[in-house]
Amino acid sequence: MSKEPDPKEVAEQTEDPSERKPGRLSRLRFSKKKDMPGGLWLKCENCSSLIYRKELEAAGRVCPSCSFHFTLPGRQRVQSLLDPGSWEEVFADITGLDRLSFTDKIPYSEKLAKTAERLGQNEALICGRGSIEGRSVILAVLDFSFMGGSMGEVVGEKLALASDLARVEGRPLVIFTSSGGARMHEGALSLMQMAKTCSALQSLSDAGGMSICVMTHPTTGGVTASFASVCDLVLAEPGALIGFAGPRVIAATLKQELPPGFQRAEFLIKKGMLDGLVSRSELRPMLGRLLDYAKGSHVGGDVEDDLAADEVPNRLSGGRTDSRTPSERGKVRLDVPSAESSN
Amino acid sequence: MSDKFRKSKSDKSSSAAKTGAKPASGPAAGKRRSSEGPAMPFEHKILEIEDKIQELKELADSTSFDVSGEIVSLEEQLREVISKTYNDLTPWERVNVARHPKRPVTSDYIQMLDDFVELHGDRTFGDDPAMVTGMATMGDRRFVLIGHRKGRTVKERLECNFGCAHPEGYRKAWRKMKLAEKLGLPIVCLINTPGAYPGIGAEERGQAMAIAENIIGMFSLKVPIVVLVIGEGGSGGALGIGVGDRVLMMEHAYYSVISPEGCAAILWKNGERSPEAAEALKLTSEDLTALGVVDEIIPEPLGGAHRAPAEAIATVKETLLRHLEELDGIPADELIRARRLKFRNIASIEGRFPVVSG
């Protein structure tokens, strides 16, 4: 079990002005800082009512007035979803590379390092083993606090590894998304993660493994247009913004205002794009019920089905130093070691 | 089958021969140029010399002056200038070449086929003009062709949303790819899109879902898939028909996660910094080959495919035939396994991606 950061701390961390955050809008509306003493209050981005921050956190970041589901930081999601003590993080130490030497305001490598330090995690995707209402799963959570939950090489690689782990261990894969899409700092490399993740998920699917994606606010771009949409079950939290193009891009292209409720989860379910809407408080029991249907559906972990045998065991060790001899390394290892939790 | 469904060499929209031919002598040189679309600043000198040559030729035609010596020397100078200019193109200039209105588009490549029967519709919602699909024969190879359609004239471009496909376009492509699989025909995908269409209808009908279904679906197709980026490779809209056993790219095409304009607008809130964004995104064929995203670059004629479309199309034909030949006869399970591994290990970098420890 990893040490979970204090929810309040997490909430403050998400207030980095460089990221788009729910609280930002409210700050803009208040002309003077003294109107918002210490950020104790914030405005609901859906119904505009003032919410006492502590009350919001106590309610699992769901607006007490309109039930709008605020984005939940990754670690908070893990903590609120899994059975206590069941979490065992893997692949936590995989770090990104600035292969394009990309610079916006600051070099991308610096941005990565700073964000990692601030959040105490290396990348936007958190993966691990855990259980939900007693059903063991592989969980992958995209954390919007980390560069808008954007998908670069590490996120793509970790998602693919999580999918492999689910396949090899015969556990269902549960994914939570909140993302602005592909990470442009990695150019076409991030675009290719859309294909990489789908490749891994198809292999999981072929093996009979079950995958469930819960789209949360907001899920857009290359994440919606790849692994998130191709899971066996696609659920969403109420009010979540889900789409391919962002609403601002569409409004700018069409030069018109968008209809109310456009691209919200309720809109998508009406259009037939989702299997279900599940409110945050109902998630655990609902996932528990659904996961029961995965039992026995898994065919098994013949890793040689899809990937070369000499690659899989090493990959699944989570990218840590492998102490085995080269000859041992060639063997398929199904007992994937647990990674120490990252703090 | 009625002629209506048959797009053959008579397709009036664009013929390679036509686009390749020098325009007949006619209006003044300046006017002639302006009708060829927005000028690219780096081509000014080239166009100037081309105009001079044209003028001299017209002069020679209408009078008895012998200017052949001047023409030969100007043509020599032209080759030098083109060569120098095109060897030093910046990524942003490349993007401009990829978008050049005279650059061969999918309908031009259809002209290289010995037979093409266009097949319409996704049998669910509609027939997206931005995606063209059909049965194709080229030399001794039969295959299913899938391609973004941009159109050539203003009217065509508007009809095709400038090559931005809707979900029905991706579903139409998927339907024809499944047909190819059933009939044991390989698939050739020609990518040329600024991106998938961002609109209300597109979102309502599941743009993201349609693209995602194509991407994952292509990993299970039992027939060879050859993908070629002929102009613009715009993000998810490109990848929606972009999973293949071979991913090829024209020399001056680009392939990117976001348009340079979009990138500049997001990062610097300033569309004028697009050239910088183009540089940063590493979207050229050379960069992408070096990174391992693209397998092979198809060289273009001196001065870009728009300068000699017929020549460019001939090279493409030859290259596609070679890849189809190489992929012919590989058992389906091997093909699928290799395709999945290819994208699983794409752009690999030793010691980092894919994650392999020890």
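Any Cβ shown, glycine's included, is placed from N, Cα and C.
TrEMBL lists A:C44, A:C47, A:C63, A:C66 with the feature Zn(2+) binding site. Taking Cβ-Cβ distances under 8 Å and a sequence separation of 6 or more, the neighbours of A:C63 (Zn(2+) binding site) in its chain are A:C44, A:N46, A:C47, A:S49, A:I51, A:L56, A:H69, A:F70.
The compositional bias 'Basic and acidic residues' annotation in TrEMBL covers A:1-22 (among others).
The feature compositional bias 'Basic and acidic residues' is assigned by TrEMBL to A:321-334 (among others).
Annotation comment: TrEMBL describes A:40-309 as domain 'CoA carboxyltransferase N-terminal'.
Taken from TrEMBL, the feature region 'Disordered' covers A:1-25 (among others).
TrEMBL lists A:302-343 (among others) with the feature region 'Disordered'.
Summarised by DSSP class, the composition of the zinc finger (A:44-66) is 6 helix, 4 strand, 13 coil. Taken from TrEMBL, the feature zinc finger covers A:44-66.
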Report task. Name, in order along the sequence, the binding-site residues among A:C44, A:C47, A:C63, A:C66 with a Cβ closer than 8 Å to any chain B Cβ. Result -> none
Report summary line: Cβ neighbour count (10 Å, all chains) around A:C47 (Zn(2+) binding site) is 13
**Report entry** Greatest C-beta neighbour count within 10 angstroms, which of the binding-site residues A:C44, A:C66
**Finding:** A:C44
**Report entry** Environment of A:C44, A:C47, A:C63, A:C66, the listed Zn(2+) site - residues of the same chain whose CB lies within 8 A of the CB centroid
**Finding:** A:E45, A:N46, A:S48, A:S49, A:I51, A:P64, A:S65, A:S67, A:F68
